[in-house]
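These features come from Swiss-Prot:
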TOPO_DOM  1-24  topological domain 'Lumenal'
TRANSMEM  25-45  transmembrane segment
TOPO_DOM  46-56  topological domain 'Cytoplasmic'
TRANSMEM  57-77  transmembrane segment
TOPO_DOM  78-108  topological domain 'Lumenal'
BINDING   Arg79, Arg161  substrate binding site
TRANSMEM  109-129  transmembrane segment
ACT_SITE  His114  active site, proton donor
TOPO_DOM  130-138  topological domain 'Cytoplasmic'
TRANSMEM  139-159  transmembrane segment
TOPO_DOM  160-167  topological domain 'Lumenal'
ACT_SITE  His167  active site, nucleophile
TRANSMEM  168-186  transmembrane segment
TOPO_DOM  187-197  topological domain 'Cytoplasmic'
TRANSMEM  198-218  transmembrane segment
TOPO_DOM  219-254  topological domain 'Lumenal'
TRANSMEM  255-273  transmembrane segment
TOPO_DOM  274-283  topological domain 'Cytoplasmic'
TRANSMEM  284-304  transmembrane segment
TRANSMEM  308-328  transmembrane segment
TOPO_DOM  329-346  topological domain 'Cytoplasmic'
Amino acid sequence: MESTLSAGIIMAEALQNRLPGLENMWLWVTFLGDPKNLFQFCFPAAYYASRRLGISVLWITFIAEWLNLVFKWFLFGDRPFWWVHESGYSTQTPIQIHQFPSSCETGPGSPSGHCMITGAALWPVMTAISSQVASRSRSPWVRVIPGLAYCTFLLAVGLSRVFLLAHFPHQVLGGLIVGAALGWLMSPRVPMERELSFYGLTALALMLGASLMYWTLFTLGLDLSWSINLASKWCERPEWVHMDSRPFASLSRDSGSALGLGIALHTPCYAQIRRAHLGNGQKIACFVLAMGLLVFLEWLGYPPQISLFYIFNFLKYTLWPCLVLALVPWVVHTLSDQEAPPIRSS
């Protein structure tokens, strides 16, 4: 295993020093592959393109992120930015590597969340685009473009994580494989417009299930805060250690999104607009308005206390599906003052 980890450091060093002109590209790619962006950008964009697709993206995202959290608790993967010091590798071998603001994530490293969650959530997007392309083109070369773009983007995300010293190559590979498999398995099985109790119980199961596993492992003598301690110890700058990278931050986001999805699907606003077919201009207006509300939510910031941070994060991601699915389309449709035509499947 030591040789595998050492090879990962060598690969990261090569990416940082032999391709210095690509630094900004890797930083941008890792930003695009951040699971948080799936909730904030990909989910609204997919929903306003297709109602079914948007709900699929949100559902798969929070289920995949929850599973990634559980996998990390059991696999105990080191991250390169702390392993290189803890193992003594940096004192035994002369290396030239440096950290970035995105390097200092506090959770365990295996498997890569960026690769696993993004790979799972973008699978229905890729298949939906592939179906559209296949219906309009007979060229086999054109038909493979969506799948090729999906693979290329995930490969770039994986390389960016190695470049940033956030993951070892084998953690990236594991995330890619598990993410694609999850996307393939879950896409046909996403629940659509179930009763509110179903989503409430899902949120409760995510919260209680992870908490039960955490306290069981803690009772058995396993310190699950070990990765937080190492990240704080070896990160070059304290301000690079962000609270939203902590394991329970993702748990509050996932359970909040599950509950918010159920609430959104049972609001009076959603009941009024679900029979409406929004035009392209209205869909663009919905996305722009949703992004404006997102900017406002981000502007509010987070409380510094960790417990209040988790509560605020839960409430924020409970509210977000309600805004995207119900309130924003209702406002746009009402202001446009158009008569809703019959239901169109999407």
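Backbone N, Cα and C atoms are what each Cβ position is placed from, and that goes for glycine too.
Features as recorded by Swiss-Prot, highlighted on the structure.
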residue : record                    : CB count, 10 Å
Arg79   : substrate binding site    : 26
His114  : active site, proton donor : 31
Arg161  : substrate binding site    : 31
His167  : active site, nucleophile  : 31
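Through the fold, the topological domain 'Cytoplasmic' (46-56) approaches residues 124-125, 128, 187, 190, 192, 261, 274, 278, 283-284, 286-287, 324-325, 329, 345-346 of its own chain, all at least 6 residues removed from its boundaries and within a Cβ separation under 8 Å. Contacts between the transmembrane segment (284-304) and the transmembrane segment (198-218): absent, as fewer than 3 C-beta pairs lie under 8 angstroms at sequence separation of six or more. Listed stretches 25-45, 57-77, 168-186, 198-218 were compared with the transmembrane segment (308-328); the greatest number of C-beta pairs under 8 angstroms is found for 25-45.
Residues in the topological domain 'Lumenal' (1-24) partition by DSSP class (helix H, G, I; strand E, B; coil) as 22 helix, 0 strand, 2 coil. Most Cβ pairs under 8 A with the transmembrane segment (255-273) among the ranges 25-45, 57-77, 168-186 are made by 57-77.
Classification of Arg79 (substrate binding site) by DSSP places it in coil, neither helical nor stranded. Across the topological domain 'Cytoplasmic' (46-56), the model assigns an average pLDDT of 96.
Of the recorded residues, Arg161 (substrate binding site) and the residue listed as 'active site, proton donor' place their C-alpha atoms 8 Å from one another. Using the rule of three or more Cβ pairs under 8 Å, pairs at least 6 apart in sequence, the transmembrane segment (168-186) is in contact with the transmembrane segment (57-77). For the transmembrane segment (198-218), the list of distant contacts is 62, 66, 69-70, 73, 191, 224, 251, 254-256, 258-259, 261-263, 265: same-chain residues at least six beyond its ends, Cβ to Cβ under 8 Å.
The two recorded residues His167 (active site, nucleophile) and the residue listed as 'active site, proton donor' have their Cα atoms spaced 10 Å from each other. Distant neighbours of the topological domain 'Lumenal' (219-254): 35-36, 39, 62-63, 65-66, 68-69, 72-73, 78-79, 81-82, 85-86, 98-101, 103-109, 113, 206-207, 210, 302, 306, 309-311, 313-314, 317; these residues of the same chain sit at least 6 beyond its ends, with a Cβ under 8 Å from one of its Cβ atoms. The list of residues near the topological domain 'Cytoplasmic' (130-138) in space but at least 6 beyond its ends in sequence, with Cβ under 8 angstroms from a Cβ of it, reads 145-147. In this structure, the C-alpha atom of the residue listed as 'active site, proton donor' lies 14 angstrom from that of Arg79 (substrate binding site).
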